[in-house]
Amino acid sequence: MALDRGPGMAVMVISWCMTLHTMWLLIQLHESTPGIRFDRYIDLARHTFGPRLGPWIVLPQQMIVIVGCNIVYMVTGGTCLQKFIEMVCTDCTRLRHSYWIIIFGSTHFLLAQLPDFNSVSGDSYSTIAWAGSLSKGRQPDVSYAYKKTSGADSIFRVFNALGQISFAYAGHAVALEIQATIPSTLEKPSKVAMWKGAIGAYFINAICYFPVAFIGYWAFGQDVTDNVLVALQKPSWLIAAANLMVVVHVLGSYQVFAMPLFDLMEKGVMKKLKVSSGIPLRLLVRSSYVALTLFVAVTFPFFGDLLGFFGGFGFAPTSYFLPSIIWLILKKPKRLSTQWLVNWVGIFIGVFIMLASTIGGFRNIIADSSSYEFYQ
């Protein structure tokens, strides 16, 4: 990540605070109109921007979040599966990286046919990542200086890093859908329980993932990899277990993110082609989607660059500034009030992150692909 030293840490903390604020906005907006619950992001968008404009503002961003997550999960799952097998079977034949992505991705052709799939969650591997970095200690030749490169390249790497940070906050895209599952009454509105859950989740994620970034950078400096677990070797059994945890985690997460899109695609095909739901439709639609995300993941397995590109292009709008825009339109806070200022500052920062990280991620994908042997 190009955002090293103090500025990088500051950006991570600021992003955490900004997205926690916009999460609070979404939770409050869920029942902002008496008697109406906006159970989906698109419902809130229709109410705010109108029935025609609303879906065009929110739905494409949600689709980018879903597809972007699924592509990155393909790369992550294949990479960690490769690391796991190579650590537990040192005498096994070494396969190409792309083969491992295909092996991991192939499981989803079967899993995608399930009518429902619960999330497989767990942050144990993050603890192993930072604890492993800490036990490894600071490397003797570690350098915290900026990498020697051109000024333009450094700027693009910083832009890409902004997108990588944005990618960490994907929950906003499905926050309203989650809150819709919580019972709500006048005495006990859903926003109370939802906010408690959001606060807990944010602090747990901070405790789990901030040390990975900070301690990983302390141990490896400018040579820290996108996936810290890949750089660790000892204790081998623990690092292998952590990589396996990642595989299991993204195996379930892929399906959880893909399910809303599966439903949308199937309904669209049924409406357009006048066909009924069933196994043939599910097999065709879902297998086609899995094949598409697998193809992109195998073709462009640039983990960090994908994070930056999708993080800026899709995640920044849904997580950083769309909630603030909706809040200003619906709540109309007093001009120059604290709420007015905080939301406008968030909008400007969010738009900058979206533009900068999209450009940085796309540029880095092109730059890395020029020195990459495809399907290696």
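Backbone N, Cα and C atoms are what each Cβ position is placed from, and that goes for glycine too.
TrEMBL: automatically predicted annotations, no manual curation.
Record note: among 67-88, 309-330, 309-330 is the stretch given as transmembrane segment by TrEMBL. The stretch with the most CB contacts under 8 Å to the transmembrane segment (283-303), chosen from 6-27, 240-262, 342-366, is 240-262. Against the transmembrane segment (6-27), stretch 309-330 shows more Cβ pairs under 8 Å than any other of 240-262, 309-330, 342-366.
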